[in-house]
Number of protein chains: 2
Amino acid sequence: MKKYCSCVSEVVARRLTLYLRCFIQLKEEGYEFVSSKELAERFNLNSDLIRKDFSYFGTFGKRGVGYNVDEIIEKIKMILGLQRVYNVAIAGAGNLGKALAHYPKFNEGSFRIVAMFDSNARKVGRTYGENNIPIFHVKELPEKVKELKVDMGIIAVPARAAQQVADAFVKAGVKGLMNFAPARISVPNNVKTVCADFRALLEMLAYYVSNLKDSE
Amino acid sequence: MKKYCSCVSEVVARRLTLYLRCFIQLKEEGYEFVSSKELAERFNLNSDLIRKDFSYFGTFGKRGVGYNVDEIIEKIKMILGLQRVYNVAIAGAGNLGKALAHYPKFNEGSFRIVAMFDSNARKVGRTYGENNIPIFHVKELPEKVKELKVDMGIIAVPARAAQQVADAFVKAGVKGLMNFAPARISVPNNVKTVCADFRALLEMLAYYVSNLKDSE
């Protein structure tokens, strides 16, 4: 059987991005130290899992004091590889592509959106948003991806075009793809994909809502 | 400390939606039975975890034959509460709201988008897309949510407006919110939220890409 995506192994990385958000929030609120118990209570997390995760990555809190907030933030950023800048390209300059291009904090820190691609002649040649992201024709994708040293590709095109765009990104050397199209994409083993499936999120919400109705 | 979201407890529901997608795909390809081993290999999952998850929910495969694909699909749909129709409203008729409103399979099966809300006078009073979803003023949200029996609210407004919109949904009796705004929202304990944080997805991809570069 052919392999498509590795969604379950995303679980640990998902937790790390969640912890990062929690710690950044605590830092903004002035916390310098936080215990796994406080962290668990505050963000509805499992304190055993927190301790397990952090010890696995070689990070440990001080007994009676907890985790050093600054230290953990740096550590998680290091583990997630966020201490460098990634060039990101968005394929698709429709509603979704545009929403992503101006999504707050999407184009700062470790990530820089360097190009958008579309097949609509009225969009090609223009720039989008306050950061003036250039919109190229999707035919130029392989060439521009190499020229602009794109590290990650975001697929925000209709489902029917998703595989073709994925192939073009992969051929141009991109090793990470985020797929917003509701279509399976097949990539070589040395390329990582993250599936952003809105429908799956709605289904999770249905799960919660239906269980609330049963029990409350 | 105040509680904000329960992202880690989403893990099981997340796996169920993933399994559902896998089984639907297998059904489309003509499979009637599949073993946990085949499922694990095909979709890069953990076969022990599959068996554990399914036995926890009282579903079991036949030795030597595997899981009955149709049966599992119905079972997961039942567990996720997908055997009824949920009325969904989208707050925000900008790029993101529009992208969601016409996202494939978002407005079919168990989900029906019954309304959009915006504060832009040029959008209010119109309809959006081929399903003619009505766009109401955000001030009408409480009234329309009750009138249209909205079960779930999607927050696709700027971060500064997210809490206000969440409060309005909650006050009108909505028990499930999907938050696309990069802002913390605070809700009562009997309301469930799902965070759709694009930045977290990018960070996961960074994790993969940086590890690929180290090892390959």
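For all residues, glycine too, the Cβ spot is worked out from N, Cα and C.
TrEMBL labels come from automatic prediction, so no person has curated them.
Averaged across the DNA-binding region (A:18-57), pLDDT for the predicted model comes to 83. Marked as DNA-binding region by TrEMBL: A:18-57.
Every protein chain shown contributes to the tally, and the Cβ of A:G94 (NAD(+) binding site) ends up with 17 other Cβ atoms within 10 Å. Classification of A:G94 (NAD(+) binding site) by DSSP places it in coil, neither helical nor stranded. Look at TrEMBL and you will find A:G92, A:A93, A:G94, A:N95, A:L96, A:G97 tagged as NAD(+) binding site.
Annotated domain 'CoA-binding' per TrEMBL: A:82-184, in sequence order.
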Nonlocal residues around A:L96 (NAD(+) binding site), in sequence order (Cβ under 8 Å, 6 or more apart): A:A156, A:F180
- line: Listed in sequence order, the residues of the same chain lying six or more positions from A:G97 (NAD(+) binding site) whose CB sits under 8 Å from its CB are A:I90, A:A91, A:M116, A:D118, A:I154, A:A156
Message: I'd like the Cβ neighbour count for A:A93 (NAD(+) binding site), meaning other Cβ atoms within 10 Å of its Cβ, all protein chains included.
response: 24
